[in-house]
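Have a look at this one.
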Amino acid sequence: MRLHVADHPLITHKLSVLRDERTSSQQFRSLVEELVTLLSYEATRDVRTESYELQTPVAKTTGLRMTDPVPLVVPIIRAGLGMLDGFLKLVPNVEVGFLGMRRNEETLQPETYAKRLPENLANRQCFALDPMLATGGSLVAAIDFLFDAGAVDVTAICIVASPEGIERMREAFADRNVTVVVGALDEGLNEDGFIVPGLGDAGDRLYGVAE
Ligand SMILES: O=P(O)(O)OC[C@H]1O[C@H](OP(=O)(O)OP(=O)(O)O)[C@H](O)[C@@H]1O
Ligand SMILES: O=c1cc[nH]c(=O)[nH]1
Ligand SMILES: [Mg+2]
């Protein structure tokens, strides 16, 4: 597993506003979208491409395009849904799968309540979107679904991660082709499993308090 922590003042600036408890839901949603577009730029560095010949108004030249099959992007609902538009803005030519997961607040174990993925992901590059990598339980389970369907290559984009979550990912995917791109690596988890300093409950801040 490879880890890339974004180190760019624009990302840190936007992330600081996102963390601020005074930031409204409306502003939170647009900042998440902007941050994901910036993080996706880094996360798609190894997207598969092929060269092809084209004619400009002046001369023939060689261009580059993404190869078939196009990548699959999977937002982890709820909070990951807030990242989808930002990703699609940068990479419109993808397919979209969905995973609905919620973390049990007592046990901190992930529960999967929705799964809509192509049956066969052989030879597909996959991207998983979830703003928060806390204990890592949800992202490990999500990426396991992708590997079970035949994926060989998964890149996760997270806005904030904990060292505990990164460690869990490293253990789970030591020998796998997994890349994690994060906007910030925070201090750790508190007794409730929340990232410190973090930004609180990303799903609630995007969409309001869940039942
Ligand atoms: O790394 P973990 O310890 O598994 O925690 C991270 C998960 O928790 C949050 O989702 P949540 O369960 O709050 O669901 P929501 O997106 O519906 O709010 C977050 O979006 C991740 O999916
Ligand atoms: O800090 C955290 C941890 C899990 N899920 C969140 O939304 N925030
Ligand atoms: Mg939540």
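Each residue's number is its place along the chain shown, starting with 1.
A Cβ is built for glycine as well, from the same backbone N, Cα and C atoms used for every other residue.
Annotations for this protein, taken from TrEMBL, read as follows:
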type	residues	note
BINDING	R78, R103, D130, P131, M132, L133, A134, T135, G136, G137, S138, D201	5-phospho-alpha-D-ribose 1-diphosphate binding site
BINDING	I195, G200, D201, A202	uracil binding site
DOMAIN	5-208	domain 'Phosphoribosyltransferase'
What is the average pLDDT across the domain 'Phosphoribosyltransferase' (5-208)?
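Taking every residue in the domain 'Phosphoribosyltransferase' (5-208) and averaging pLDDT yields 96.
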Quick one: of the binding-site residues A134, S138, D201, flag those whose CB is under 6 Å from ligand 2, and say none if nothing qualifies.
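From A134, S138, D201, counting a Cβ under 6 Å from ligand 2 as near, the near ones are A134, D201.
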Including all protein chains shown, what's the count of other C-beta atoms within 10 A of the C-beta of G136 (5-phospho-alpha-D-ribose 1-diphosphate binding site)?
22
Consider only the binding-site residues D130, I195, D201: which of them have a Cβ under 6 Å from an atom of ligand 3? Write none if no residue does.
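Checked binding-site residues vs ligand 3; flagged D201.
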Using the Cβ center of I195, G200, D201, A202 as the uracil site position, which other residues in that chain lie within 8 Å, going by their Cβ?
P131, M132, V160, F194, G198, L199, G203, D204, R205
Quick test of your reading of the structure: among the binding-site residues R78, M132, A134, I195, whose CB sits under 6 A from ligand 1?
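The ones that qualify, in sequence order, are R78, M132, A134.
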What number of additional C-beta atoms lies within 10 angstroms of the C-beta atom of A134 (5-phospho-alpha-D-ribose 1-diphosphate binding site)?
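For A134 (5-phospho-alpha-D-ribose 1-diphosphate binding site), the count of other Cβ atoms within 10 Å is 27.
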By a simple count of other Cβ atoms within 10 Å, which of D130, D201, the binding-site residues in the record, is least packed?
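Per-residue Cβ counts within 10 Å for the binding-site residues D130, D201 bottom out at D201.
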Per DSSP, to which secondary structure element type does G200 (uracil binding site) belong, with helix, strand and coil as the options?
coil
Measuring Cα to Cα, how many Å separate S138 (5-phospho-alpha-D-ribose 1-diphosphate binding site) from A202 (uracil binding site)?
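S138 (5-phospho-alpha-D-ribose 1-diphosphate binding site) and A202 (uracil binding site) have their Cα atoms 14 Å apart.
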Among the binding-site residues R78, A134, G136, report those whose Cα falls within 10 Å of that of A202 (uracil binding site); none is a fine answer.
R78
Among all the protein chains here, how many other CB atoms are within 10 A of the CB of S138 (5-phospho-alpha-D-ribose 1-diphosphate binding site)?
26
